[in-house]
């Protein structure tokens, strides 16, 4: 890391401010001057105001900033002392972070919470087996890579939480990878906070809050996407702040380096989860404000401004987009074997997966009466028309066989195409199916016909019910459907995969439709299939994916193979649809955004005899919330005093503006990572709050530093050091002791529950909603 700006004291606001080595022993106004004019400037500043708001500020600011001598040699010595303090604290925090994250990392020796998903997906990358997930691929690819590098073969099934790993499963390497990235959050918070306000005290408090937060620690110790996402968010934040610290040296090597790193880590953040978009918005807003600042500098010509804009556009827009597509290109290359996620994608997409029934396959180009087909909804991520022996429950009469939409390939997706007015003869010659034909569809597995009537659908009441009716292929007149191919004249042959058509009920005048609503347990959590009276609805469109008919000549499916752009676009459409379909399952523990900042309810990571509970350190969570409210009060009081004409010295004014500017920027980061969850309709969990917590912790550190300084300059001179040490000690001891109390939630709780005598957590269930 280039530390030129650190040594010069330049940071986010471009000021050459740096605390001295006395930071930990005295209150601070955090100013460093580089030449012998320091004393003269300060004295000139002080006489500008006849009634300064802090009369004794002039006498204490040298000591608060560590300048006990008034010569250049003394200033250099103070700067060197401050540099040593900065690095010593950074080293200490980094070591503690690694220790807390890696301690007993192999425990528990069973699958914890979402390890069942992301450990499994990492194994699929190792085996090159295609799957579907609602998140972009980078995080899961990195988990798979860490597994390969540490000897994991990808064969453990990760079926459900609580499954024992066994002695021959090298799962620890993947946990260590996530833990190391989680450990990096602490020094990154420290360095980012320092860049914002050049205060080692503020940086120390910010990093300490992340170091000793039990929730962040729990997320970092398991095979999850969260520590990877948090790492890339913090690297994006640190990189943009580091880039801004070089604003006095535009277009230098370091300036371009950190601008490029910002773009790279932005692409990585959104490449792990789509919520990485929030840090993209933060960096985007910061960049716009920086360009606005440059526009106000009269020395900048139009050519200069154009160069600045082009450089930012190239590094913060073009580079992230290119890298994001590279992640997907690698994803498509690695996952080339058929898996259980094939059915979410189009027939053309599936045709490129080895082992898929459509890979290098030859099948009839057209469909004939007597062909066995699978029908797939035409929209991206569409499901298959499906049936099984189970009947609709009594509350959804009549009790006929269920018709559903199913997203996976299955034998129960197969249908026999029959004429509407007679049964097929075995010796009958193939007769091609055309648009406008009347047909019946017999479910191959149960030999009942696709059927509809004017009974309401189970969930979508303004649609009609679909069912399977009859026996041995014989039903009634409500089994007749017309093929309607939009944009194609009547009589046009129906082609495999290419033709899109509607199945319109001949009498009820409704079309077969697959929606997004999941059926209850009686419907096996499959999607509802209905008969939609709105014939023009795009959800009514289907195509034939597979055809089985030995009477027909075959054609190669390679004709339908998509290119990279088509696969890239389809993947995002499927992920977007998958995210919108994430609804709480019956009995599933979820949470609401209002619960997160107050630490209202956690998440069980592990049960059995080694209980792990994802819950934020309540002292830290509630403290961050309280300090945030205190900041609003302090800011309001300060604004009122200024409006009323209260005058401050220049040193205090600069310090206040820098602190408030940093707090507002961090508050925006917190809001961007938290407030967008409020209108979301998908299922939400407590762990979604932790990106916002990073910014809340940094804001808390900056605000605490300001409050301590404010108290120190408000007490008599002889009490300043004592008050500083007391405030610092109380905050430090409270955080450390709270971690001591709640650390069993991270490393494992044993024995009785918290509400029972003899429990190691007895008396610590401060809220009844905590499941300790």
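Heads up, the Cβ atoms here are built off N, Cα and C, so glycines get one too.
Positions annotated as region 'Disordered' by TrEMBL: 1-22.
For the transmembrane segment (138-156), same-chain residues at least 6 beyond its ends with a Cβ under 8 Å from one of its own Cβ atoms are 118-119, 121-127, 165-166, 169-174, 176-178, 223, 225, 228-229, 268, 271-273, 327, 330-331, 334. Positions annotated as transmembrane segment by TrEMBL: 138-156 (among others).
Annotation source TrEMBL lists transmembrane segment at 168-186 (among others).
The transmembrane segment annotation in TrEMBL covers 192-212 (among others).
Per TrEMBL, transmembrane segment is recorded for 224-244 (among others). Note on the transmembrane segment (224-244): residues 5, 11-12, 14, 113-115, 118, 135, 138-140, 142-143, 178-179, 181-182, 184-185, 188-189, 191-192, 195-196, 216, 255, 258-259, 261-262, 265-266, 268-269, 271-273, 275-276, 279-280, 282-283, 286-287, 290, 669, 673, 687, 690-691, 694 of its chain, located 6 or more positions outside it, place their CB under 8 angstroms from a CB of the stretch.
TrEMBL lists 264-288 (among others) with the feature transmembrane segment. Tertiary neighbourhood of the transmembrane segment (264-288): same-chain residues 135-139, 225, 228-229, 232-233, 235-237, 239-240, 244, 312, 316, 319-324, 327, 575, 579, 665, 668-669, 672-673, 676, 688, 691, selected by CB-CB distance under 8 Å and a gap of 6+ residues from either end.
Look at TrEMBL and you will find 309-330 (among others) tagged as transmembrane segment.
Under the heading domain 'MIR', TrEMBL lists 364-420 (among others).
What TrEMBL lists as domain 'MIR' is 430-486 (among others).
Here the transmembrane segment (619-638) has Cβ contacts under 8 Å with residues 209, 212-213, 215, 597-599, 656, 660, 663, 667, 693, 696-697, 699-700, 703-704, 706-707, 710, 734-735, 738 of the same chain, all six or more residues outside its ends. The annotation transmembrane segment is assigned in TrEMBL to 619-638 (among others).
Annotation source TrEMBL lists transmembrane segment at 659-677 (among others).
The transmembrane segment annotation in TrEMBL covers 689-712 (among others). Tertiary proximity for the transmembrane segment (689-712) is limited to same-chain residues at least six positions away from its ends with a CB under 8 Å from its CB atoms, namely 26-29, 60, 64, 185, 189, 192-193, 196-197, 199, 201-210, 213, 215-216, 219, 226, 229-230, 233-234, 237, 275, 278-279, 593, 596-597, 616, 620-621, 623-625, 627-628, 630-631, 634, 655-656, 659, 662-663, 666-667, 669-671, 673-674, 720, 723-724, 727-728, 731.
Summarising the annotation, TrEMBL assigns transmembrane segment to 719-742 (among others).
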**Asked** By Cβ distance under 8 Å, which residues at least 6 away from the ends of the transmembrane segment (309-330) in the same chain are close to it?
**Response** 136-138, 141, 251, 256, 259-260, 262-264, 266-268, 270-271, 280, 283-284, 287, 291, 564, 567-568, 571
**Message:** Restricting to the domain 'MIR' (430-486), what is the model's mean pLDDT?
**Reply:** 94
**Request:** Report, as numbers and ranges, which residues of the same chain sit near the transmembrane segment (659-677): CB under 8 Å and 6 or more residues beyond its ends.
**Result:** 12-13, 193, 196-197, 233, 237, 275, 278-279, 281-282, 285-286, 593, 596-597, 628, 631, 635, 638, 684, 688-689, 691-692, 694-696, 698-699, 702-703, 705-706
**Per-state residue totals over the domain 'MIR' (364-420) - DSSP helix, strand, coil** = 3 helix, 29 strand, 25 coil
